[in-house]
Amino acid sequence: MSSYENHQALDGLTLGKSTDYRDNYDTSLLQGVPRSLNRDPLGLTADNLPFHGADIWTLYELSWLNSRGLPQVAVGHVELDYTSVNLIESKSFKLYLNSFNQTRFDTWETVRQTLERDLRACAQGNVSVRLHRLDELEGQPVAHFHGTCIDDQDISIDNYQFTTDYLQHAVSGEKQVEETLVSHLLKSNCLITHQPDWGSIQIQYRGRKIDREKLLRYLVSFRHHNEFHEQCVERIFNDILRFCQPETLSVYARYTRRGGLDINPWRSNANFVPATGRLARQ
C-alpha cells in the first residue's frame, strides 16, 4: 500500500466510482492528480528533480462529428511534460474523450487544439497533441524494446511485496559498462481500484554493472504494489539512481491499454529519445 493511497487529494476522483457517460463535449470531466503525492515521499521537489521526461499517451478510441454530422475517427498521440503540476487520471481522460463522440467540430485541427488546451489546463503544464488518420498507421509493424531481456532466469521467487532491498549491493566491479536491459514482467496495480497494470520496461544505464537477478527480483516486487504508471516509473528511476548510482540512467515503460488508452512514461538524466511504436501487448 502506498503511503498516500488515502490522501484527500484523491477523494474527488471518479476512478473506482460508478459514473454516467456523456457524449457531448465536457472539459470538466478531466481530473488531475498532483505529482507531488509520490514525489514528496521520495524527497523530490520541482526544484531538484533528477530527471527529465514525459508521459506518452496513445488514444485509440477518439471520435467526433464533423460540421455536417459525419463521424470522424483518429488515433491520438499525447505527450505530457514531466514538469506539469498534475498527471492526468486515466478514467477521467476516457470519460472526457467520450464526450467528443456526439460533438461537432469544424476541423481536425480544432479537435487537436481543444485537446491540447484542455489537457494543459488540467495538468498545469506543457502538453503536445498529434492526431493520426488510420491510413497513416496501417501496416506499421509491432515494435520491440531494444536491449537484453532479463526475464528468462532460472531462479525461484516467493516474495511479491515491494522492497528496495534487492537493489542494495546490486552493483559489482569498478569497470564502467553501458547496457540496456528489458523486462516484460512488470506488473503493478492501480492506486485506487487495485486493478492490475501490465507493462514492459526498458532500463538503459552507464555505470557499474547491475546484477540482473537482483534487478529482476526488484521489478517483480511491484506485483502487489499500488501506484499509477507514472509514479511507478519515477520510483524505479529514483531507486536505481539511489542504490546503483549509475552515471546516466533512462527508464521507459510501456503499459497495456485500458479503456482505449495506453500510458507510456519515461524518465532520464541522459540524451534519451524514446521509441514510440506499440509493443506486442499494446
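Glycine is treated like the rest: Cβ placed from N, Cα and C.
Sequence annotations record features per position, and here TrEMBL assigns active site, thioimide intermediate to Cys190. Annotated active site, proton donor per TrEMBL: Asp197, in sequence order. As annotated by TrEMBL, substrate binding site applies to Ile88, Glu89, Ser90, His229, Glu230. Annotation comment: TrEMBL describes Ser90, Lys91, Arg258, Gly259 as NADPH binding site. Residues annotated as domain 'NADPH-dependent 7-cyano-7-deazaguanine reductase N-terminal' in TrEMBL: 21-131.
Mapped onto this structure are the features recorded in TrEMBL.
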residue : record                              : DSSP class
Ile88   : substrate binding site              : strand
Cys190  : active site, thioimide intermediate : coil
Asp197  : active site, proton donor           : strand
His229  : substrate binding site              : helix
Arg258  : NADPH binding site                  : strand
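Across the structure, Arg258 (NADPH binding site) and Glu230 (substrate binding site) are spaced 15 Å apart at their Cα atoms.
Other residues of the same chain near the substrate site, with their Cβ within 8 Å of the Cβ centroid of Ile88, Glu89, Ser90, His229, Glu230, are Val33, Asp55, Leu87, Phe93, Phe228, Ile263. Here the Cα atom of Lys91 (NADPH binding site) is found 13 Å from that of His229 (substrate binding site). Taking a C-beta cut-off of under 8 Å and a sequence gap of six or more, Ile88 (substrate binding site) has these contacts in its own chain: Leu30, Gln31, Gly32, Val33, Asp55, Trp57, Leu80, Leu119, Cys122, Ala123.
Each residue of the domain 'NADPH-dependent 7-cyano-7-deazaguanine reductase N-terminal' (21-131) gets a DSSP state, and the totals for helix, strand and coil are 32 helix, 37 strand, 42 coil. Lys91 (NADPH binding site) has a Cβ environment of 21 other Cβ atoms inside 10 Å. Here the Cα atom of Ser90 (substrate binding site) is found 12 Å from that of Asp197 (active site, proton donor). The two recorded residues Glu89 (substrate binding site) and the residue listed as 'active site, proton donor' have their Cα atoms spaced 14 Å from each other.
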